[in-house]
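Contents: one structure, followed by commentary.
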Amino acid sequence: MAGSAGSDGRLTAAVGADAASDRATVGTVSCDVVKADASTASASTSGPPELYGKFTWKIDKFSEISKRELRSSMFKVGGFHWYILVYPHGCDVSDHLSLFLCVADYDKLLPGWTHFAQFTIAVVNRDPKKSKYSDTLHRFSKKEHDWGWKKFMSLDKLADGFTVSDTLVIKAQVQVIKEASASPFRCLDAQYRRELVRVYLTNVEGICRRFVEERRTELARMARTADAGFRSYWGTAEGDRQRRSTAESRAGVLKAIVKRFFNEKEVTSTLLMDALCSGVSALLPLEEAEVARAAQEEARAAALEALAADVEATPMSEMTDASRDERLRALEGAALPPLANLVGTTGPGGDFVLAVDVLSALEVGVSASLPPAPEDKVDSPERDDARLAELGRCTVEMFVLGHLMSQRVEVAYREAEALKMQQELLREEEEERAGANAASEKRSKKQEKRKRKKEQAKKERAEKEAAEAEAAAAAEAIAAEEKRKAKEAAAEAARLKAEAKAKSEAEAKAKSEAEAKIKAKAAAEAKAKAKAEAKAAKAEAAAKAEAAEAELRADAQRRKAGEAARGAEAAKANLRENGLCAEGAPAPASGSSESGTDSGSSSSGESDASARGSSGDGGRGAPERMDAATRAQSQALAQAQARAPSERGNVHDGDGGGWEQVERGRRAKGDGGRDDAAAAAKRAAAAGVGSAAPIGGAPVVTARANTAAAAAAA
């Protein structure tokens, strides 16, 4: 449930005394719906009477109600249905009566609906002056469809004349507001307005007075800044510029007034809008305002003279304190310029224009104040209406004056000052530019003079440098010539030295080549000599070998011949002894018993040879075999001598020493020598050498040949 902190006011006028009532009963609750009659409608200046309505709700047996809330019957105001919602024991609070004004069927209205209304709810007391009133202003919507007070009044106070015969009377006044907020408006019913004026006139006057004081402060600031420059500007300003600076459109000013003073949450806003609307209507056209202002000034001057004369005529000793204070206040009031007719209009619905000079307006605005309130305490609706209208007029004039001075005159002056400052800056810039040009020209002349001096110095320096360069070139040429000559001399000396060196090197080379040739020739001769000597040694060795071979062959032949002869002799002797051999029979082989060291193959060979010799060849077979063995041994000896020339020596010196040297050479040479010796021995054995008896040193050679042949065969 929505609530409001609306102001509480006491309305002393009778409510609904001149209205007809329709009664509706709901259980123990009775309601009086009061509508404005024709007389009330004709007295209203706020518009159609249906925008305002009253409602009375009587709740019988109030102390016996146990329900949490009660709703009144619906009533229609401004085309909308409303009802009052009461919480007898408080809404979210205790020991308080809660009252709310609600929109009926809010959930069935069109989306986006709003009702802007000002309303007053009162709980009536037996004594009308003690009745409890509360007023507020609220814009109802779907979100906030109820508005009122959770703590309207304490339940303890109800017994103090609020429940007569256990009946509680609640009255409501609802004013629906439909005027646009683009300008000050009058929206209150005349009777409702008078009731609100009696309650809130002091509040409205306080708001207006605070605003006037605020604008006075602003105008005082402007007056302090309105120095000789401003007076000079305004005195020299053209008429059109002055008129444009002291006029403002009506729509813009009124919209600014509404924005400044109207507050939908403030209950006095509607009454203040009413006063401002009256003030706007009270403004005179420009010509009439000027005439009225002149008349006011004349009346003020006359009043000042009369008061001054009265003060002078009455001695101070005859005056009482009260009369003296009264006259002083009168003098102070007459001395102040009236805050009236400062602003006029260009016609009905026209723009606002200052009716006095700007400087005079500043003077009035700084010292002006609201007229004092009437001192009589008698209630008078006409007097309150007049006071409200006067407050509205003074507030509107002060607003327009401040608006014109701050938004038009001051802005125009600031623009003029800015333009003047800009022109001054441009002039200063021109002067600075001219000074800069003059300084630049002066600098250019100085620079030109310095440049000429520099060029002259440069030319002199160039001439001097040219002379120095020429002298240096001549000196360099002489030095170069001398250097060239020295270089040529050095080159000639180097050439002669090189030639001498080359000649000496050539002689040394020729000498070394001759020596090398001599050495090579000597080496070749030594080599040829060594070769010849080797060849001779070889030939000698070959001759010795051949001689040895020949000697061996001869020895072998002799041995074979002797053996054959001895064999034949022995065979014959044998045959003779045994008488077994006949003439022409073959003789037995001899030598098988004598040659124990020969192999079986040699014995058989020799037997075959003996047999062949005895069968027709005689002793021819043995020499042939001896020749073959001798040749094989000679070949083996020659090969051994060719492989080891150092082993050349005497093959047979009578005691077998030559063959031992050959054997030692073969052993020193390794397997190759052994293979060759074995092959030679094998060939010698195959030829039958070694079967004969030893003759001198020959048996040693034969035995060794046979041994070598056997080893090779194995």
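Backbone N, Cα and C define each Cβ position, glycine as well.
Whatever TrEMBL says is automated annotation, not expert-curated.
Look at TrEMBL and you will find 52-174 tagged as domain 'MATH'. Sequence annotations record features per position, and here TrEMBL assigns coiled coil to 286-314. Residues or ranges marked as region 'Disordered' in TrEMBL: 429-697. The compositional bias 'Basic residues' annotation in TrEMBL covers 443-456. The compositional bias 'Basic and acidic residues' annotation in TrEMBL covers 457-467, 480-563, 645-677. Annotation source TrEMBL lists compositional bias 'Low complexity' at 469-478, 564-573, 582-614, 629-644, 678-697.
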- Sequence-remote contacts (6 or more beyond its ends) of the compositional bias 'Basic and acidic residues' (457-467), Cβ cut-off under 8 Å? none
- Query: Do you know the DSSP helix, strand and coil residue counts for the compositional bias 'Low complexity' (469-478)?
  - Reply: 10 helix, 0 strand, 0 coil
- Query: Mean pLDDT for the domain 'MATH' (52-174), as a whole number?
  - Reply: 91
